[in-house]
Amino acid sequence: MSVYGLQRLYIGGGYVDATSGKTFDTFDPATGDLLAQVQQASAADVDRAIASAQEGQREWAAMTAMQRSRILRRAVELLRERNDELAALETRDTGKPIAETLAVDIVTGADVIEYYAGLATAIEGLQVPLRADSFVYTRREPLGVCAGIGAWNYPIQIACWKTAPALAAGNAMVFKPSEVTPLSALKLAEIYTEAGVPAGVFNVVQGDGSVGALLTGHPDIAKVSFTGGVETGKKVMSLAGASSLKEVTMELGGKSPLIVFDDADLDRAADIAVTANFFSSGQVCTNGTRVFVHRSIKDAFTQKVLERVKRIRVGKPTDADTNFGPLVSAAQLDKVLGFIESGKAEGAKLLAGGTRLTEGHFANGQYVAPTVFGDCRDDMKIVREEIFGPVMSILEFESEDEVIARANDTHYGLAAGVVTENLSRAHRTIHRLEAGICWINTWGESPAEMPVGGYKQSGVGRENGITTLEHYTRIKSVQVELGRYNPVF
């Protein structure tokens, strides 16, 4: 018997049964326990969700911006009131430590909704004078029905990130969470309904990539916001364009460089590197997995990193003291272990971890020890490809120009960071790095006010920040003639 029972679709302000007759299972990655059976959406269900969203969107867009703002603020209040309950669910579904989900996942998701609730009333057009008796004005109008496709590493946070600007601008959204972590998006739907969001404005359809493809290719979807891998992102972009030239926002993979210069505070640098590789068991798209360290300090830096890795508390995610949990699934565990074996085979020096943890309460979970490789080269698979797990690669460098060139030698461009006491060098280096999200002497924070997204094959568009709100609107230009019309013929 499952912990949470049968999970249905959420369409039109309530739960409905899928018509496919199919279900899939979701498991607790720490214990292997069956959490729920989830109904898979059919093409007819996707059509129903979009039709419901169209109806709800008309009502939602007809409200004043202040009315929408108040409703979204109420949703924020409900999220914060239920933080502990939602964090417990997210921990069971993802395997993240409860200390992490309590402090980050729902908290930051609510912050983003609050941010856009505040901006809803600031959506404005322009007035452009042409001459004494004629002018142009513009309106920013909602796109209509948007699709959100989430990833498995931050299920409820991603759902908040995608819905907040869309709803603030007067759109509706049909959201498909990852089939690996499908539970918390349904709770967000309940909260939106309770807060007063009209029925249909936020619908949740469940299923695998085929359901995402139905959304992406649907002619009545105006925009797709996708978070996931590069190859899937390319398919999303292709289908979105081929179907109806719909707009896309995509936050894709990364293989981000962290550069530690020779004047860095080594304790600070080691703390940053460990956070940038092992937070959330390394399952973060912006992880700084390519750690470039100046040759003169590499040994001392490496020692400090290893000291900190020994202090990581791997354990049951539900224990308050745990700060490192399992990987999200058996498939992800196999993938990460495969990369570790590749690192060994290509000559990287294993300095810590490198094994699956199977003793005691780890036996049925998807645990891999925090792993550090030294003596890495740029051409190694573990250095070039996204692992999405707790595997750090340490590389040495000698000059600023050299490390910048090597850091940029990738088709990814999501994030980058530098650690140095020389702020001139910090800014100079950051300005030359080909990455959309950069940090100086820190790592990982992505507040609501900060636009996040990638360069190159790490994404298209941005999430969070004022710019994102604008991209959930379309501009209508209107010329007004107050004087005499001069006919052409």
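Using N, Cα and C of the backbone, Cβ positions are placed for all residues, glycine too.
Going through Glu55, Glu385, Glu386, Glu396 against Swiss-Prot, the one listed in the NAD(+) site together with Gly150, Ala151, Trp152, Lys176, Pro177, Ser178, Glu179, Gly229, Val230, Glu231, Thr232, Gly253, Cys285 turns out to be Glu386. Binding of K(+) 1 is attributed by Swiss-Prot to Thr26, Val180, and within the candidate set Asp84, Asp93, Asp111 the record adds Asp93 to that site. Cβ proximity to the K(+) 1 site centre (mean Cβ of Thr26, Asp93, Val180, cutoff 8 Å) flags the following additional same-chain residues: Phe27, Pro29, Leu35, Thr94, Trp152, Pro155, Ser178, Glu179, Thr181, Pro182, Leu183, Val328, Ser329. In the three-state DSSP reading, Glu247 (site 'Seems to be a necessary countercharge to the potassium cations') counts as strand.
A gap of 19 Å separates the Cα atoms of Leu245 (K(+) 2 binding site) and Glu251 (active site, proton acceptor).
Cα-Cα distances to Cys285 (cysteine sulfenic acid (-SOH)) place Glu251 within 10 Å, out of the recorded positions Val180, Glu247, Glu251, Lys456. In the three-state DSSP scheme, Lys162 (active site, charge relay system) falls into the helix class. With the fewest other C-beta atoms within 10 Å around its C-beta, Leu245 stands out among the recorded positions Leu245, Cys285. When the Cα atoms are compared, Lys456 (K(+) 2 binding site) and Thr26 (K(+) 1 binding site) turn out to be 33 Å apart.
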